[in-house]
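Trainee: There's a structure below that I have some questions on.
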Amino acid sequence: MSTTVIILAAGKGTRMRSQLPKVLQPLAGRPLLGHVIKTAKQLLAENIITIYGHGGDHVKKTFAQENIQWVEQAEQLGTGHAVQMTLPVLPKDGISLILYGDVPLVRQTTLEQLIEVSNKTGIGMITLHVDNPTGYGRIVRQDGKIQAIVEHKDATEAQRQIQEINTGIYCVSNAKLHEWLPKLSNENAQGEYYLTDIVAMAVADGLEIASIQPELAFEVEGVNDRLQLAALEREFQKQQAKELMQQGVTFADPARFDLRGTVKVGHDVRIDVNVIIEGNCELGDFVEIGAGCILKNTTIAAGTKVQAYSVFDGAVVGENTQIGPFARLRPGAKLANEVHIGNFVEVKNTTIGLGSKANHFTYLGDAEIGAESNIGAGTITCNYDGANKHKTTIGDAVFIGSNSSLVAPVTIGNGATVGAGSVITKDVAEQSLSFERAQQISKANYQRPQKLKK
């Protein structure tokens, strides 16, 4: 049976007090709506229909690369009205999941369970038991079976005591949506077309409404303001840290860790406080990440230790490598095994061979460095001439003295030595010594200037 996912994303988000549409507010490094689209794709939905309204052009532009059908809701006249807008493009057969762009964290497994129970009856929903149901639609049951959903403003005092609430997430046969949606009425306290009225229609048709409860309550929590956004962020990060610990990761403090993407971890990984992981990362066995590090789209192989406040973006790091503190690896940085990158060293678009070292205050850009070479403190590859980037090639077992400038394009041959303080503008042959500096001048018995007396 084919699956369509309908995502309601037309809300204005006034309480966010933001120029950014609510569904584009970031949570764990991804727009709220992006989380929902990701889950829809995980379900292998044949169709994803997203209903847009306020800030629609911005929303559509953000997800221009996604295979989505966009439907406009020019006037926000309720959730039922929003889904009515999809009828011209909604398939006649199959089922539809109805989700929300501001309810970002409902899990694939939960929705798969909802689909399974709904297939038996033609309609199903996710409900939740809460201590304080104020403001939510109540689930009215008779003999355990759902009879209706009553919105808070329309509920009697007795109905307001019910603690089972409607999350708004449904799975309904498309045939029934085509039958029920045109019949919706706005004769209620809000003057809106309630999607919840399809429940009463199902009961009138003699259908039993299936329901499930989510394993985690935050799966169905919506976001209306920045307080709720921050609270949901922390709940989600807490859950992600828990899952990583179950995979064998040790955190110095799981409450001070943010995962804003995905990470694949090996055995016995250790992560200190205030580490942020973004994009798609991979950490091998026995990797250690120091405090305050930021990793983005980076792979770090087994046994590597990263000291505090190092930043990685698009880097590939080999085994048993030592990095930091305060190192920066930019896109294109590729480090072989047993490399040492020390404090205040920046590496960009550069490969570094087995066992080579750059321990202090160095910039290595657009370079290729062989094995067992030593790059002295203060060395700079001068890769940019003001118009174009050029490559520096350093062979195996090369020794670059401190405070050297290597003006690309230039090649330093295997086994060569560059004297400290040199500005190298020409290739250096293998096994040779090259240095370039002004002649030292020394003056005996030199007297420093004295401060004038006032």
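Cβ coordinates are placed from backbone N, Cα and C, and glycine is handled just like the others.
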Trainee: Starting from the acetyl-CoA binding annotation in Swiss-Prot that includes Ala377, Asn383, Tyr384, Ser402, Arg437, which of Ala416, Ala420, Ala429 is the extra site residue?
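Mentor: It is Ala420, as the record lists it for that site.
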Trainee: Pop the mean pLDDT for the region 'Pyrophosphorylase' (1-226) in here, whole number is fine.
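Mentor: Average per-residue pLDDT within the region 'Pyrophosphorylase' (1-226): 95.
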Trainee: When you measure from the Cβ of Asp102 (Mg(2+) binding site), how many other Cβ atoms are you left with inside 10 Å?
Mentor: 22
Trainee: Using a Cβ cut-off under 8 Å and a sequence separation of 6 or more, which residues in the same chain sit near Gly101 (UDP-N-acetyl-alpha-D-glucosamine binding site)?
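Mentor: Non-local contacts for Gly101 (UDP-N-acetyl-alpha-D-glucosamine binding site): Ile7, Leu8, Ala9, Gly11, Lys22, Val23, Leu32, Leu33, Val36, Thr50.
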Trainee: Quick check for the class: what is the C-alpha distance, in angstrom and rounded, between Gly78 (UDP-N-acetyl-alpha-D-glucosamine binding site) and Asp102 (Mg(2+) binding site)?
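Mentor: Roughly 15 Å, rounded to the nearest whole number.
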Trainee: Of all the binding-site residues here, Gly11, Gly78, which one's CB has the most other CB atoms within 10 A?
Mentor: Gly11
Trainee: What does the DSSP secondary structure composition of the region 'Linker' (227-247) look like, as residue counts for helix, strand and coil?
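Mentor: Across the region 'Linker' (227-247), DSSP assigns the residues as follows: 20 helix, 0 strand, 1 coil.
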